[in-house]
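As given in TrEMBL:
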REGION    355-383  region 'Disordered'
TRANSMEM  46-67  transmembrane segment
TRANSMEM  88-110  transmembrane segment
TRANSMEM  116-135  transmembrane segment
TRANSMEM  144-162  transmembrane segment
TRANSMEM  182-200  transmembrane segment
TRANSMEM  209-235  transmembrane segment
TRANSMEM  247-266  transmembrane segment
TRANSMEM  278-298  transmembrane segment
TRANSMEM  304-326  transmembrane segment
Amino acid sequence: MATLAPAGPGEAASAALDELSLNFTYGASGAGNGSLSGAWYRRNQIHLFGVLLAILGNLVISISLNIQKYSHLQLAQQEHPRPYFKSVLWWGGVLLMAVGETGNFAAYGFAPVTLIAPLGCVSVTGSAIISVMFLKDNLRASDLLGMTLAFAGTYLLVNFAPNITQAISARTVQYYFVGWQFLIYVILEILIFCILLYFYKRKGMKHMVILLTLVALLASLTVISVKAVSGMITFSMTDKMQLTYPIFYIMFIIMIASCVFQVKFLNQATKLYNTTRVVPVNHIFFTISAIIAGIIFYQEFLGAAFLTVFVYLFGCFLSFLGVFLVTRNREKEHLQQSYIDFGNIPGKQMLDKIQPDSNSLSYGTLPDGSDSINSQSGEKKEV
């Protein structure tokens, strides 16, 4: 009987290239796994449904953020502005945000974490598009470049994310929960979290990286618990009831607690730093922590080819760069002028623009204070 010789490095590299090329095959006949082939769709129907839920959820979140922004602008133009929480429009935005987050929550039950988490860039780019169309914000060249890079990165992420289909049952979650990989990961995460919390609370170090790292560490637990809860609910609806297992409620408590503290640290970061700096860094940190959590807890890249992982990471890099370009220097365009122009006041001669002087008790200084004072004293004597 003939024996098969082991495959050499050249044959392994050739097989990896064949697998990579199949991901770019469109409409190929046979059993190819091209992006638009029938076999690829049949094998990835559940994943595509999760991707669709995540994209729609992020788009709804973008609409909700712009609605809330529009309500704040309307209230600011009123003579006697009322609190924003009394605005029907603002509450409509909150309701849409809840719908979008529900879509994201459900998406984790149908697709891997490493596929859903990076799609948060859709929310940032979608918000920029909506603000340009409806709120008349300026469309910059960096916005177009950033959107293009984000869409290209999203395409690579969808095509090269791990192609695994897991039925998330209570027993599966229990098995992963007591695995040595996750136990080591949790111990390291708790140590890092305690060290950063010590510097934040005791030493008063409130650097943006420290705050957003705390958010990312909590976000990894949030992603793990969200996928577990969503997966068990989906499994209960399609197969067998899983809500009677204690692990479901343990994951539910972890999800709620991690979300609450995550929002707390994120709000602290937005108070201390500009949103244009917080949004891209938080997106990068959250995505990296979610990918690591998916790899360690759910073992989503187990057996994946090197080139597939490389293209996937390159897609993440493109989406990160796109988010950075879209949010870069956006708030600076809305800063008001720091001077008062008296040139349009009837009957007054325009002397100059009064520039606020932060080093003195007076609000501003005139270009020639002595002349203006003398003229004012002369007018008083004449009177």
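Any Cβ shown, glycine's included, is placed from N, Cα and C.
Relative to the transmembrane segment (209-235), the listed stretch 278-298 leads the set 46-67, 88-110, 116-135, 278-298, 304-326 in CB pairs under 8 A. Counting Cβ pairs under 8 Å to the transmembrane segment (182-200), the top-ranked stretch among 88-110, 116-135, 144-162, 278-298, 304-326 is 278-298. If you look at the transmembrane segment (144-162), the same-chain residues 6 or more away from its ends with a CB under 8 A from one of its CBs are 23-24, 35, 47, 51, 111-112, 114-115, 118-119, 121-122, 124-125, 128-129, 300-301, 304, 308-309, 311-312, 314-326, 328.
Same-chain neighbours of the transmembrane segment (278-298): 112-114, 117-118, 120-121, 124, 166, 176, 179, 181-182, 185, 208-209, 212-213, 215-217, 219-221, 223-224, 227, 266, 269-270, 316, 319-320, 323-324, 327-328, counting only residues six or more beyond its ends whose CB sits under 8 Å from a CB of the stretch.
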